[in-house]
Ligand SMILES: [Mg+2]
């Protein structure tokens, strides 16, 4: 794939369980379940020995122990995993500056411009696996492809310690027999609907065609059609350069349905806009993050024609991004809105002066947004919250402000 884009997806093998085995060699070769042992405990990681019995992460511990009664249950030690994660990411970052963490043990690495140093992608991937093993005594699986979603599928194909390359030109052949459920963000309801139309594989999906998919699923149909052709234009966005500002909420009860999701996003867009105003910034890039009840996390982003600090524009962009998410039959435990690509209002005004015709109106509601933000700043967030947002917090919600700067260590999404 010389000359073509090469993206690695690296995924540590049974990460928490492997770390526990490393720390206590007596566990080697045994079925190990990391997670809470209580009645409501959930498996956070299962060793490969435990997976042979059908145990897997996100399974209730009670179910896993029915499947494998002799498994060793280990309480999670998240600080230790975070420390090991930092060591693993430090190795990744030696191979390319373009490292995007997906979770504590998983990252995309864009190998653009690294060929002189590391050789062709496969050799770079082998060197990376060797370095991770030498420095952390842990194995990882790597997928190599020209686009993100194919690299991610590839890394899961030969676990553990696997290396799978989907060479340039072989993408369509690879996708032809792949079940559509393997595509990122295609949920069970969508699979069911398509199964009724005789669509089971990505090859079937491609033959089903763009028009039919768009008719059935709207923007998400178009997204699936593009995936079926191996098209995925999302870039690897390095954590260090993300420099974003955002707000996300985790819900005690999964959020279901587009209207309710839009209300959640409005609350978050409003908080983000307030913080932009407080910092005298406007942003051009809006990012939606959404995590379903099965802990599948999706992020989507778009660039606005011009920088904004208006909650309605940010909310509108987040809602358009939501249209490309398969919400059918899925409940969501987390939503978040963040913005990046900051500009100061002065710089933007100068651009407008230079580029826009004289009749171009100034950003519609900048003054209003500043007043609203000032009132909320003084009287708390309840004051002047947009009526459409409904009650400002769902019961049991935990909110988190997300903020990253280039100087901070990369933010890990768990
Ligand atoms: Mg993993």
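The backbone N, Cα and C atoms fix where each Cβ goes, glycine too.
Summarising the annotation, TrEMBL assigns domain 'UmuC' to 7-187.
DSSP classifies residue 105 (Mg(2+) binding site) as coil under the three-state reduction. TrEMBL lists 11, 105 with the feature Mg(2+) binding site.
Summarising the annotation, TrEMBL assigns site 'Substrate discrimination' to 16. In the three-state DSSP scheme, residue 16 (site 'Substrate discrimination') falls into the helix class. Sequence-distant neighbours of residue 16 (site 'Substrate discrimination'): residues of the same chain at least 6 apart with a C-beta under 8 Å from its C-beta are 34, 44, 45, 76, 81.
Sequence annotations record features per position, and here TrEMBL assigns active site to 106. Within the same chain, residues at least six positions away from residue 106 (active site) with a Cβ under 8 Å of its Cβ are 9, 10, 11, 12.
Marked as region 'Disordered' by TrEMBL: 379-414.
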Sparsest-packed of the listed binding-site residues (11, 105) - C-beta count within 10 angstroms: 11
Close-lying recorded positions around ligand 1 among 11, 16, 105, where CB distance stays under 6 Å: 11, 105
